[in-house]
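Per TrEMBL, these features apply:
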type: DOMAIN; residues: 1-111; note: domain 'HSR'
type: REGION; residues: 110-215; note: region 'Disordered'
type: COMPBIAS; residues: 150-167; note: compositional bias 'Low complexity'
type: COMPBIAS; residues: 187-196; note: compositional bias 'Low complexity'
type: DOMAIN; residues: 211-293; note: domain 'SAND'
type: REGION; residues: 302-332; note: region 'Disordered'
type: COMPBIAS; residues: 313-329; note: compositional bias 'Acidic residues'
type: DOMAIN; residues: 328-411; note: domain 'SAND'
type: DOMAIN; residues: 433-483; note: domain 'PHD-type'
type: DOMAIN; residues: 535-589; note: domain 'Bromo'
Amino acid sequence: MEPSSLDFQSDDELLGFFRKKKTEISCINQPHIFLSQLRDHDLVQEDVYKKVNRMKSQQQRERMLYQILDRLETDQPHRIRTFWECVFKPHILQRYPELSSLRDSLMEGQNVEMERESMVENTRANSRARREETVEESQPHPSTQHTPCQRRSQTRSQSSQESTSATLINPGSSIQEGGMREIQPGPSTQRTPVQRRPQRQPHTESNRSPSQNVESDAFWKKRFLPVNCGNEEGILDKYRLAKGQDCIRIRGNWVSPSKFEKCGGRASSRKWKESIRCKNITLQQLIQEGHLEYSAQKRRICPSRGPTMDSYSGEESDAESMDERESNDDVGMSASEDNCLSVTCGSASGTLHKDRFAREDRGRCIQTGNKWLTPEDFRKESTPVNFRSVKNIIMCQGVSLSSLIEQGILKRHSLLCECDRCTGETQQDQGNDDFCFICADGGELVCCDQCPRAFHPTCHLPEVEDSMLNYEEIWVCTYCLLKEQSMSTGHMSLSQAQGCCISDYMLHCQYLLMNVYKADKQHSIAAVFSTNPCNIKDYEKVIKRPMWLNKIAENLQFEKYSSVGQFASDIKLIFDNCSIFNKGKEIEKKGDQLYTLFKNEFKKLFNIQE
């Protein structure tokens, strides 16, 4: 399957093109075959089809045909892609040269956009290179006199730089996974007489790579490649793959390799590099041969913004009562003081985050129950309504998105804006929260591939190591993993649950501990129960057996518990100690609240029957 002009166009782009060209389409000569094609695909009703065919006047036919197209745009905008797929069939194009011109125009527009993206990418790369050169030139030169420690440090730094340079310029290096180059051993600087330059081997069928046997080098240099997985076909964008973005286009949408693998019925393998093929060659082989590169890491950096109660959760938060207290008829005033706006579209509702908004179709700024959406995607998920501009149909307390933009509450990026949100470089990351689900702060976050949650590697249990984060496989958080598994085999008594072998219920214990961590870190200025309390004055004089959350996490990691009861006993010990040492203080109440939270979650998770 070769890329077509429709594969890279969104539904909105096709609708806009249709709106501009429907007058031109209505003027085609002898539209009988054209209308038959539309009727066969249920785009024109039978009675309308017959009525047009009975018309003898060319002007009447043109007027009626325009009305048909206008009604299609108004009543069935979701079927515009089907319309273009119908009229771009070879037998239709052969009959109507005007439609061939339209197809070429659509393709040319796509090529211009691709060239623009390429130019933007090159400009950014050059800008980054110039900035790096400027930084290097502005750095002071090291002194010629060093202490022994400084000399060792400088030697290591120079060795690292030389290694990096060799990686960049060594012609013997090869592209490895993650886009890194592996340095091949080069010849010694002192060669003996017997050392000779290896002769170049001619390309034969036996030593040619699989890709060379199938297609020429020019084919593999193309940005867009046809791919398939099972019966599913799509178009791979090499640039997007290298950046770690959703990179395969199917039915007008960009999806990740893992999701494309799932669409092809191979989700169980979770090895998309082996499941997805181009010209019957696996992506694994194309990566090894250097035809493809991909981003291996699933980390991203979000600015720290301090604790916040606005997180992805079905739980109630203090923000709700705050909204009730601060209800204000002046939307502009209340909105300007808060980063979040409650919005609706038809029957759908969500929360719009102002700092994520870019344009109607850019910036996943609206948070619903379990995902982040652009305003345009939010409109598509709402109850079907008359097709109108997104700016006029999404409402915030009776005020349209358009009005919020005019008031300056929302800042709309220009069409020429080249920030990450507008160019789509962070579209995949925008599907996850900007803050850690446990501590509600930003920084370096790891994003779950099945829910919007994001975590600091050390806030998640088990701790997320670098070896777990490669683009080859999806990473699923403990919350989603536990949801996929059976929560319980049946009703248990409390003693039965406590007697369970902890190796069989490790995921349950990690989930429970993260819930306590979350409550401890988000409901106070500083986490109280997470760290070692022994540095508190006179603590060890009163408490004989100190315990804290970080210690329990360490015990889980190193398998120091044999039963669930031992784990639960240490959790109870933390709050018993708190009650003894802080009798009558506010922190004692907080300890009681957290332990009640733990007990309720424990009973729910193990299906305890009183």
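Please read every residue number as a count from 1 along the shown chain.
Including glycine, each Cβ sits where the backbone N, Cα and C put it.
Computed over the domain 'PHD-type' (433-483), the whole-number mean pLDDT of the model equals 83.
Secondary structure of the domain 'HSR' (1-111) per DSSP (helix as H, G, I; strand as E, B; remaining residues coil): 84 helix, 0 strand, 27 coil. Per DSSP, the secondary structure of the domain 'PHD-type' (433-483) breaks down as 9 helix, 7 strand, 35 coil.
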